[in-house]
Amino acid sequence: MLMVGRVFVGLAVGFGLAVDPLYITELAPAQHRGRLTSWPEIAINLGILLGFVVNWAFADIDHAISWRLMIAVGGILPIALLVLSLKVMPESPRWLISKGRVEQATLVLRSSHRESEDIAAVVEAIQSEISEEQLNESSGWAPLFCPDKVTKRLLLIGIGVAFSQQISGVDCVLAYSPTIFKRAHVATSDQSLFALTMLVGFTKTAFIVLAACYMDTKGRRPLLILSTSAMTVCLATLALAMGLDISWLSVVAVCSYVAAFSLGMGPITWIIAAEVFPSQIRAKAMSLATFTNRLTSGMLTLTFLPLSDAMGGQAQYFGLLAVLTGLTAVFACAVVPETKQLTLEQLHQHIGRMVHRADPQGESRI
């Protein structure tokens, strides 16, 4: 029954990761989209931190009931927040316009945009994009698996960043941080190990709040490149610390790694994925990106312990992750565009022009 429950929780997490950034992206004004789309990631990190705190609080309780208490505490707050938020959440204006409910969409946009903004122009731009997509619409999954050159580039960007986020091994570090600290001889008791994981969770949460403050001013691309580069250095440092058995350096490396992740790779992954996909393929493409992200996470998490043992230790494993994360930094530099301050319609036109300049003979349906 516990495994069945984990399956349902996993499905719920997948739905949330796919829908939350999409909804906020379609609702938020361009100048605030990055900061607002970061909030789901902040909420996730608050949940992770709460989980670490609960683990620490229940560490000395009988194991037969402690895990049940942990699950109970973790379920009450999300359910309460969901029930309360559903009462005030408006429908996506882009979805309303696609269904011909322009007046309702206009009211939603007026409530979420500044009074000085030309709402009529925003509605017109959305209508224009939707009309163009409907003229070229293909049924089912065909636009994703038989894409034109522009759609192919959009899929590469969106799914690529979703894959890159997890190939860096962040879920392994979070899930197995007590094991990592124990093997690094940082601490031995459950209380001290869980206290260190609380430090990791607090660091991760603090830096993602900091990232949200700069997302719409510094831009997505610079923060993503800085984040992946710093993560590479931190993973290499962690590999060195574990190889040389330097306990304090292991703690510094893990905390620095999650800070670097939260500064860019964590929130920006879902911001970019939600922004680059046009509404014609947005829901399906976001589902594919989420599936890729969670599949990569599951594979790395399940194979972390046996693979690190097979490689001769966790030092070698983190060395491999450092190389893979370095490749994600190269990917960010070479492929990911800047998306700040652009409406979704302007962004898709911008990427279309980039692809057309690279291949004037290529055709686009976007």
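We count from 1, first residue shown onward.
Using N, Cα and C of the backbone, Cβ positions are placed for all residues, glycine too.
Note that the structure is a prediction, hence the values are computed from the model and not measured.
These features come from TrEMBL:
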type	residues	note
DOMAIN	1-340	domain 'Major facilitator superfamily (MFS) profile'
TRANSMEM	6-24	transmembrane segment
TRANSMEM	36-59	transmembrane segment
TRANSMEM	65-86	transmembrane segment
TRANSMEM	193-215	transmembrane segment
TRANSMEM	222-242	transmembrane segment
TRANSMEM	248-273	transmembrane segment
TRANSMEM	285-305	transmembrane segment
TRANSMEM	317-336	transmembrane segment
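Cβ atoms under 8 Å from those of the transmembrane segment (285-305) belong to residues 10, 13-14, 17-18, 21-22, 144, 154-155, 158-159, 161-163, 165-167, 169, 171-172, 175-176, 179, 269, 273-274, 277, 317 of the same chain, restricted to positions at least 6 beyond its ends. Across the residues of the domain 'Major facilitator superfamily (MFS) profile' (1-340), the predicted structure has a mean pLDDT of 83. Counted as Cβ pairs under 8 Å, contacts with the transmembrane segment (6-24) are highest for 248-273 among 65-86, 193-215, 222-242, 248-273. Outside the transmembrane segment (193-215), and at least 6 residues removed from its termini, the chain residues within Cβ reach (under 8 Å) are 34-35, 37-39, 41-42, 45-46, 48-49, 51-53, 55-56, 59, 173-174, 177-178, 181-182, 186-187, 223, 251, 254-255, 258-264, 266-268, 271, 340. Within the chain carrying the transmembrane segment (65-86), a Cβ under 8 angstroms from the stretch's Cβ atoms is held by residues 47, 50-51, 54-55, 58-59, all 6 or more beyond its ends.
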